[in-house]
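Colleague: Under the heading substrate binding site, Swiss-Prot lists Asn116, Thr166, Lys170, Arg288, His320, Ser372. Positions annotated as Mg(2+) binding site by Swiss-Prot: Lys194, Asp196, Glu197. As annotated by Swiss-Prot, N6-carboxylysine applies to Lys194. Annotated site 'Transition state stabilizer' per Swiss-Prot: Lys327, in sequence order, evidence recorded as sequence analysis.
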Amino acid sequence: MASKTFDAGVQDYQLTYWTPDYTPLDTDLLACFKVVPQEGVPREEAAAAVAAESSTGTWTTVWTDLLTDMEFFKGRAYRIEDVPGDKNAFYAFIAYPLDLFEEGSVVNVLTSLVGNVFGFKAVRSLRLEDLRFPIAFIKTCGGPPSGIQVERDKLNKYGRPMLGCTIKPKLGLSAKNYGRAVYECLRGGLDLTKDDENINSQPFQRWRDRFEFVAEAVDKATAETGERKGHYLNVTAGTVEEMMKRAEFAKELGQPIIMHDFLTAGFTANTTLANWCRENGMLLHIHRAMHAVIDRNPLHGIHFRVLAKCLRLSGGDHLHTGTVVGKLEGDRASTLGFVDQLRESFVPEDRSRGVFFDQDWGSMPGVMAVASGGIHVWHMPALVNIFGDDSVLQFGGGTQGHPGGNAAGAAANRVALEACVKARNEGRDLEREGGDILREAARTSKELAVALETWKEIKFEFDTVDKLDVQ
C-alpha cells in the first residue's frame, strides 16, 4: 500500500470492478442482478458500475483510497449472462467480501446492495434476482424463532398442512364480533385463524380489546375440540416500543403465536421481534404486505426469493408465499423455488425455478410456507400437491363465505384437506383426480357439498406478470 499513488479524476468502473477471471470464495456474498444499461453503456461498464456503487466505489477517484486495501474490499463483477428472450437486459454476477457487512444484519446487506445503486444513471433499470449468503454470515443470524418441527411439537399437528383463515371483513368488526368469528372458525375445524395485515389498533377495534376477545375464543375452541388452536395476533405498530408492548400482552394471555408485517415495519423491527419470540417461546407469523411494490416489476426492484431469504435470516416461523392457483400473482416454478429457500437446509442452483446459486442454510430451522389469497375448496388438491405438509393453507373468504357460516366453511375445508391427504398417501394423483376426490368426500359431508356447489365457477385465470426468464 505504501507504493500507491493518487491519480485524481474519473476512471471507467470496469478498470477496477470488472474482474472476469475472479473465482468467488466460499465466504463471499454473491448477487445476481438483472441490468438494463442506458443506451451506449457497455455491459461490462454497467456491471462494474453496479459492483462499485454497491460496495466501495464513488463517482471519482479519492485520495483516501490510499488509506485502505481497496483490492480486498471492493465488489467484483465476475460474470455476465444473457437474459433469455430479452435483448436489452443481462445478468450481472457480483461477489462481495464478507467483511463489507455487519454480522447478523440483513439491514446492512440490503442498504449496500439495494441502496443508492438503484438510482444510478448508468442503468435504466435494475433488479436483484438472487443472493447467495455464505454460511459464515448465516451463522451470525438468529433465523426463525422456533422453526417447523418445534411448531409442530407445540401445536401437536403432524402429517398434513395446517389449516387457517383470515378473519373477514378485514376492517370494521368490533372486538367482540371479531372474537366470535374466530371461535366459529376454530370450533368448526381450523387449526389457526389470523388478523389481516392492516388490523392494528383502529378506533373501531383497539388492539387490547381484540387480543382479549380472541384469547377467549381460542381457549374456548381448544377446550371444546381437544385440539391445540391459535390465532395470529398482529402486533405491528407505529413504534418498536408499542409493538413489543403488544407482544408482551399476547404472552400474558397465554397465546402461542403473534404476527408481524415485516416489510412495512422494517427488518430492524422484525429481527427485534423475532429475537424476543425466541427468548419467550412464541411463534411468529410473517405477512408480506408491500412486497408487490418491490418485487412485481420483472425489470426493476427485488425478486421475492431475495426477500424470502432475508426473512428467514431475520426471523419468522411462517411467511406468506402466494398460492399459484388463487387471486394473487405467483408463477408456479418460481414459487416452488423460494418455498424451497424457506424450508430446506440446502437448495441447489436450478434456473428452471429461478435459483441462481447453491444455498447452504446449515442448521438454521425452516419457515412454514403460507398459501393465502382467493382460494377455496376446489383448490385444495392442487394446494396440497404444490405446498406439501410443511405449509399453512389459509381460506379467508373460502371459509367465511360459506352459506352455512364460518363453522360450516371451516368444516368443509377440514374434510377437503383430510380427504386430499388421505388420497395422496394412498398414491392417487391429486391434481388429475382432485375433483373426484372432493366429490367422494362430499357424499358424507353436507358442508363440503355446499362449498363445492358455491364455488364451482370461481376461477382467477390471469397471466403471471413476473415470469421466470427461461426458454
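Just so it is clear, glycine is given a Cβ too, placed from its N, Cα and C backbone atoms.
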Colleague: How big is the substrate site in terms of the longest C-alpha to C-alpha distance among Asn116, Thr166, Lys170, Arg288, His320, Ser372, in angstrom?
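Modeller: Value for the max Cα separation, rounded to a whole number: 37 Å.
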Colleague: Which one, from the binding-site residues Lys170, Lys194, Arg288, His320, has the smallest tally of other C-beta atoms lying within 10 Å of its C-beta?
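Modeller: Each of the binding-site residues Lys170, Lys194, Arg288, His320 was scored; lowest Cβ tally within 10 Å is Lys170.
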Colleague: Considering only the binding-site residues Lys194, Asp196, Glu197, which residue has the minimal Cα-Cα separation from Lys170 (substrate binding site)?
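Modeller: For Lys170 (substrate binding site), the closest Cα among Lys194, Asp196, Glu197 is found at Asp196.
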Colleague: So which binding-site residues are near Glu197 (Mg(2+) binding site), with CA atoms within 10 Å, out of Asn116, Arg288, Ser372?
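Modeller: Those near Glu197 (Mg(2+) binding site) - Cα within 10 Å - are Arg288, in sequence order.
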Colleague: Near Asp196 (Mg(2+) binding site), which residues of its chain come within a Cβ-Cβ distance under 8 Å, counting only those 6 or more away in sequence?
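Modeller: Within the chain, Asp196 (Mg(2+) binding site) has Cβ neighbours under 8 Å at Thr166, Ile167, Lys168, Lys170, Leu171, Asn234.
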Colleague: Taking the Cβ of Ser372 (substrate binding site) as the centre, how many other Cβ atoms fall within a 10 Å radius?
Modeller: 24
Colleague: What's the CA-CA gap between His320 (substrate binding site) and Lys194 (Mg(2+) binding site) in angstrom, rounded?
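Modeller: His320 (substrate binding site) to Lys194 (Mg(2+) binding site), Cα-Cα distance: 12 Å.
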Colleague: If I take the alpha carbons of Lys194 (Mg(2+) binding site) and Asn116 (substrate binding site), what is the distance between them in whole Å?
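Modeller: Distance (Cα to Cα, whole Å): 37 Å.
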Colleague: Check the binding-site residues Thr166, Glu197 for other C-beta atoms within 10 angstroms of each C-beta and report the one with the most.
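Modeller: Of the binding-site residues Thr166, Glu197, the highest Cβ count within 10 Å belongs to Thr166.
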Colleague: Which residues, sitting 6 or more apart from Asn116 (substrate binding site) on the same chain, put a CB under 8 Å from its CB?
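Modeller: For Asn116 (substrate binding site), the qualifying residues are Glu53.
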